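Residues annotated as signal peptide in TrEMBL: 1-35. The domain 'EGF-like' annotation in TrEMBL covers 80-119, 142-185, 186-224, 231-270. Positions annotated as domain 'GAIN-B' by TrEMBL: 371-545. Here TrEMBL flags 551-689 as domain 'G-protein coupled receptors family 2 profile 2'. For 553-574, 586-604, 616-641, 661-680, the entry in TrEMBL reads transmembrane segment.
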Amino acid sequence: MERGEIEAPFPYLCHLCLSAPGLLVLLLFPMGPTAQNSKACALWCPPKSSCVNGNACRCYPGFISSSGEIFMDPLEKCDDINECGPPSPVYCGSSADCQNTEGGYHCTCSPGYEPTSGVTILRNESENTCQGIHKFLLPLAHVDECQHRPRVCKGRSICINTNGSYTCQCPPGLEFNPEDPRDCTENECTSGRNPCHSSAHCLNFVGSFECHCRPGWKPIPGPLQWPKQHNVDECSSGKHRCHSSTVCVNTVGSYTCHCRQGWVPKPGFQDKQMTTICEEIFPTWTAPPGIKSQALSHFFKRIQDLGRNFSSASVLNTVRDLVQEMGHLLETPGDLETQPLSEQRFAVTNLLFGLENVLRGLSKALPEGSWNFSSSAGIEVSLEVQAPSYRNITLTQNRTEMMLTWGTVHDSGDSGLAVVGLLSTPGMHRFLAEAPLVLDAEEQTTLHETHRGLLQETSHILLSDVISAFITKDFRSPVTFVFQHSVTPGPREKVHCVYWQRGQNGSGYWDTRGCWVTRTRDNSTTCQCTHLSIFAVLMAHYSVQNEDPALTVITYVGLSLSLLCLLLVALTFLLCKAIQNTSTSLHLQLSLCLFLAHLLFLTATDRTENKVLCALIAGALHYLYLASFTWMLLVGLHLFLSARNLMVVNYSNVNRFMKKAMFPVGYGVPAVIVAISAASRPHLYGTPT
């Protein structure tokens with residue numbers, strides 16, 4: 001039977017429902033034009049109601065219809081509002097009970113209590129004067145509430161006096177009315193007569209009952225001879241709502257959804273329920289097409305055997321065997337190394353992503369805790385299974401460390417366990433060491449701007465093991481990796497944090513997008529990435545065209561002579577007081593700036609080992625040469641003003657103006673320019689030249 005479908009137990013119920021519209025037409029048709037007059041009074045208003053207009057009626061206070069206080073359906077009726085029923089808005093005060101009446105209510109003292117005012121009918125809490133009977137009965141005597149209040153139990157219920165109170169009991173064959181616990185009614189459903197078939201529910205009403213089909217059942221077509229029903233097979237009829245990850249199993253009157261073999265319920269779901277949704281634990285993993293390798297064929301045959309024999313109880317042994325099989329393949333690759341380079345990368349890409357996918361699935365069946373697996377070939381797997389919290393998680397292996405905070409894990413709405421995994425595969429180094437490197441647009445721009453016209457070629461090597469990281473929930477903040485390596489980068493060698501990107505042809509290449517270096521030392525590199533994949537640390541060597549030796553000699557000799565001359569000029573202007581004036585002051589500042597700039601250029605331009613020091617040297621050179629040009633501008637401006645104002649009267653004004661403006665302009669303007677440049681493009685300071 002479909003949801004919401006109710007089968008009437010007797011034919012007259014169906015006839016009544018079908019004839020109701022006709023009855024409405026018969027009631028309205030004789031009214032003629034008056035039926036259309038909204039101001040005329042409706043003649044069909046039921047008892048306990050008054051007419052609003054020709055189309056609506058209003059229930060008396062204390063009564064209500066199923067449509068509300070005002071209704072327009074001629075079949076509606078006004079029922080009494082049980083002000084004392086739950087949720088009750090009426091509070092009579094302590095030691096008092098609410099008594100519902102037709103169209104209203106009142107309060108009376110509870111059994112064992114009487115009002116001190118003598119008023120037995122109370123309207124609200126303010127009139128409550130109920131006190132215990134023993135407080136004003138001397139000597140203390142037991143009160144028989146059944147005699148004192150003969151109608152305390154309603155209808156056919158029997159009042160039984162108890163010590164200080166009373167109880168109401170129903171005679172055999174009757175039971176308490178759910179709407180009034182002191183009134184007894186007949187319940188045909190529980191009287192032992194069993195009026196409905198086992199395939200239907202019995203619903204009791206006052207003076208009657210109805211039989212409704214259970215879920216998964218429907219009435220047998222034909223004349224209504226209750227109860228004549230049969231079971232519906234929702235699975236074979238296609239009426240079930242099982243998810244595609246489950247199998248429908250029919251039951252008597254219903255059905256259940258079971259997880260397929262090798263699948264488990266997703267977090268937040270249970271197996272063998274109508275709403276069960278499952279996920280595959282051991283995903284399908286097949287060999288890459290087009291590659292003929294006996295080593296690969298043997299490996300994937302072993303993987304298929306592990307998948308067929310897998311069960312949730314043996315998940316630890318399955319992960320251990322999987323790691324051993326991968327280690328054996330990388331330790332003795334056999335004919336895989338003889339394949340063309342493109343096919344090798346194609347096969348390795350399949351192995352890397354396939355192994356991560358299988359480990360991601362198997363980890364969902366692991367119990368909570370920390371798990372570590374390793375093989376003789378050096379492969380290491382670290383798994384952390386626990387509920388997300390706000391503490392730091394660190395997975396440590398021989399040469400790699402992964403750090404994240406559970407607080408960065410996105411809350412997906414379920415309370416299931418999350419899994420963080422770290423896989424290290426040292427044997428992949430031989431297949432991926434010479435794979436192409438693709439830099440993001442910003443790094444390429446920086447590289448070419450640094451080596452304008454001098455960059456010839458780049459080569460790279462892998463410094464770290466190839467690792468794979470995954471998490472079974474979404475995360476928001478970057479994840480930190482620390483890679484250990486034995487090679488120290490040189491002056492023209494740069495370290496990159498890279499990940500393996502699958503190409504369109506099934507192969508792959510190293511990419512830097514979404515990963516960056518936060519710190520590099522002689523034997524370690526710290527990276528941060530906004531996504532999880534297959535990572536490594538790669539060192540790129542940039543071959544820069546060597547400069548002409550003759551130009552180098554000319555540069556050093558010329559700058560040395562310039563330093564000597566500038567030093568003599570500065571000493572002359574500084575020590576000869578007889579010639580000191582505004583013009584000599586301007587030339588003195590110009591000489592000092594040029595002297596410091598040339599000296600820094602000769603002695604510190606090749607100090608690129610320390611990035612911070614290199615950035616400071618580049619910024620200082622930028623500032624000193626800008627200051628030199630600014631002082632040249634001031635010297636020319638002073639010469640122009642002096643020539644224009646040859647009269648002695650105006651010459652003092654020129655000197656006064658230059659003395660006030662030369663230092664703020666000469667040193668302030670270059671400082672503003674360098675600050676703006678460093679703030680807008682800081683990566684251009686400190687790059688190796």
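Residue numbers in this text run from 1 along the chain shown.
A Cβ is built for glycine as well, from the same backbone N, Cα and C atoms used for every other residue.
TrEMBL: automatically predicted annotations, no manual curation.
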DSSP residue counts for the domain 'EGF-like' (80-119), split into helix, strand and coil: 0 helix, 16 strand, 24 coil
Secondary structure composition of the domain 'EGF-like' (231-270) [DSSP: H/G/I, E/B, coil]: 4 helix, 16 strand, 20 coil
Secondary structure content, the domain 'G-protein coupled receptors family 2 profile 2' (551-689) (per DSSP, counts of residues): 121 helix, 0 strand, 18 coil
